[in-house]
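Take a look at the structure set out below.
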Amino acid sequence: MGLVERYAVVLTRYSRVFAVAMLVATVVVGAGAPGIEGGLTIASFESDSVEAQKLDAVESNFSVEGENTTAVQIVVTGENVLTRASLVETLELQQRLRANESINATLAEDQPTVGLSNVVAIAAIRAEAARAGGGAGGPPPGGDGTVNGTSGANASGGPPSEAGSATNVSSNTTTTGTATSAGGPPVVPSLDAQRDQLESMSDGEVAEVVERVLSPDSERPGGVDPFTLVSTEYEPGTATADARILFAFQQTDPESDALSEGTVTAQLAIQEEVESTFGERGFVFGQGIVDEESGQATGESFAIISPIALAFVLLVLVIAYRDPLDVLLALLGVVLVLVWMGGFMGWAGIGVTQILIAVPFLLIGLSIDYALHVVMRYREARPDADSPRAAMGVGLAGVTAALAATTFTTSIGFFSNLASDIGSIREFGLVAGVGIVATFLVFVVLLPAVKLELEGLLERVGRPREKSAFGTGGLTYRLLSVGTGAARRIPLVVVVVALVVSAGGGYAATDIDTSLDRVEFLPRDAPEWMNSLPGPFQPSDYDLRENALFLNDNFVQSNAGSRVEILLEGPVTDDDTLERVAEGEAALADTETAIELANGEPSVDDPLSVMRDVAATNETFDATFTAADTDGNAIPDRNLDAVYEGLFAAAPDRAASVVARSGSGEAASYTALRMSVTTVGGADTGEVTEEMRGVATTVEEGSALTVTATGSPVVTELVQQSLLRTLVETFLITLGIILAFLTAIFYRRYGTLTLGAVTMVPVVFALSWILGTMYLVGIPFNTETVIIASVAIGIGVDYAIHISERFVEERAKAGSAFDALDRTVSGTGGAVLASAVTTAGGFGVLTFALVPSLRRFGLVTGSAIVYAFVASVVVLPSLLVLWDRSGSRGSDESPESTGTEQVPTDD
């Protein structure tokens, strides 16, 4: 009697002890569940690459914009959003935002709001003051009047950043004049003064100021570049545009990466104000709104699909079991497995992340599968057994080894992620692996023990129960016999066709998109058929994705996620350093991913652009700048120490944003320069990385400098590549481990060294089919789908093991391979079918979700399960027939007992 048979004897003899022990263990483990941190957090994928280290250096050594603030983008659209009425409308909106206490409490003090209406109004005020001869801060006639404050300035008059820009163009003060403080920048007129100025002008006068402000020849000595506040499709020098943008800046907690509840609430209040002001002509986009609506869409998705999925799963289980007690036991087992998972996470201090959302789905699928196999094996043995305990002993002896092999092969694939350098991936592998082991314990220990106690109780009260196994007759058997029929007649053809299709899928996999577009994670609007759902189930309208695409296509997106930092380190005081910066600017103009402003210039902040801006308004620095330029090309090429020192003296904050300095005065040393490039929102990070590395090479070539392209897009691309490489390598290693394990266990049990490889073939086929499907439907192969595919293939390995294990058992007793296949399909095949239909259907309903990531999850997982089932019941039988013909199956007398004899019990 082998180990499996001895286990079956002990469990059937002491079922009550096993049941109580497992329930106590469940209570102990489950007690950790309340320790799980509440709420969903986004898993972080950090990189230790050179580029990531350089990004840390940029943030440490330069005054980086975007710190401790978040930007809310308010977009206004229409036939012409540059009219006097439209500009006044947005000034009034800014006043209402300030008047709203919940909103105003979150706004940044120095830079609450920035919009073109502010720039135009201030330009008009100062031009009028200049004509009247008053206001030292007014620009010369024909100037644009852009404020040239120095605090937190964008180096080249770029777009407002999350930290605010140079221009405090929407002051909270009530000052209406334009006088300057001694030597300081002009005092910014209040919003009341700005609105009054525009209201006092005619439409034509406002249009003249707009044209002057947005003229490509207009000087912009620092401050926000007005071209970043209008659509990139705007034609410079005109007074007509179909879209412009207003920024509102909110303070954030420097100690937390997440937005506070008050900040999110304020963003939603801003959204209400914009909707009441502009209706369909405007929208608001901010991180708080994204988080809020994404969470809402996920909740609404599950509210819609959960009843459908539950009804479908229950229907299939009822059809398969045809017994309410077995259905309830299966569902109870699923709940207990999830309790084990949650309890372990609580005890281990692991919080819920978006990556871990996949684990419960995996465990539910495996739980249903395990329950079906245990119950169906019991039912098969019941007619020939003297009692329920004897039948359970035979059933467990036949199925435990297969379930143990499935548990090992599936869990090892996830435990292998513990070798990853990425914490969230390690947590994913650990939670999934422990959950799979818990599934084995619940359904191979607790479920049989509880079922035996209940079956015995029902027999004692005169309610004997004998149900047939699913798939032993009728339409189900005929469906399952398709694979065995083909194996009888054309096994080689079946294998060749599967091989050709798999080769096509594998070839397509080499051309699958590997990009990670964050816009594709935003919820989409519901399909029209959902409008007919009952009121509580009708989803909300979601425009997040469309709004994000509109912003990316029409405006400069100046946030950390779209900025590339080109870091110059080394002898930055060499005479030709700034010439190299100029070469970098020229190279940026030739790229596709760097933002091109409406005036045709790339959006970049660097030492040269800052110096030119400061020189335009500071005579002392202008003299230093000019003296250092030996060839008159407006690029200093000597005595750069003095140029840098003069820049810090004239505009210390702006200088610190592009020049790294240690010490001051004569002891000062200059160690690095920074070029900050705004890239196209939503641009492919791979393309951004390639082009920006090319720019860095242009700057570095032939010099002693070390130039590195870094920034969020570059680091994101490197993390994506690293994750893909790690996950794919882990997956391949896992396949190797599974193959070795199956080879060893099949040799131990049945004396064959080749059955493990035969069993793995349909798993590989199914993998290639799902990759081909992803290519055909345009689903990228990224960190999200790699994890999903590994979950689905884990279930696929389970199917193949059950079929192979049962076939070898039956082959030892049957007269031919075909008879063994018939018995395998009529028994195990039915359980596999019920499991596949239940799990694939349950996951398939996720394609109705409002969140694209859930849709992809449902499509990829459901398809992979279907493919794994087809490969196991259609292709694997033909492989087993060919394997049997080759004489590789070993002797009929296996090294271990096959476990088909009736296990003795006390009954």
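Glycine too: its Cβ is placed from the backbone N, Cα and C atoms.
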Which one of 110-129, 490-509 shows up in TrEMBL as transmembrane segment? 490-509
Of 5-24, 785-804, which range does TrEMBL call transmembrane segment? 785-804
With a cut-off of 8 Å between Cβ atoms, can you find at least three pairs linking the transmembrane segment (428-450) to the transmembrane segment (328-349)? Only pairs 6 or more residues apart in sequence count. yes
Between the transmembrane segment (490-509) and the transmembrane segment (355-378), do 3 or more CB pairs sit under 8 angstroms, pairs being 6 or more residues apart? no
Which of 328-349, 727-747, 825-851, 857-883 has the most Cβ pairs closer than 8 Å to the transmembrane segment (302-321)? 825-851
Stretch with greatest number of CB pairs under 8 Å, the transmembrane segment (857-883) reference, 328-349, 490-509, 754-779, 825-851 candidates: 754-779
At a threshold of under 8 Å on Cβ distances, which of 328-349, 727-747, 754-779, 825-851 pairs most often with the transmembrane segment (490-509)? 754-779
Same chain only, please: residues at least 6 beyond the ends of the transmembrane segment (825-851) with a C-beta under 8 Å from a C-beta of the stretch. Say none if there are none. 294, 297-298, 300-302, 304-305, 308-309, 312-313, 316-317, 319-320, 361, 364-365, 368-369, 372-373, 376-377, 380, 469-473, 476-477, 479-481, 483-484, 521, 523-526, 539, 542, 795, 799, 802-803, 806, 857-859, 861-862, 865-866, 868-869, 872-873, 877
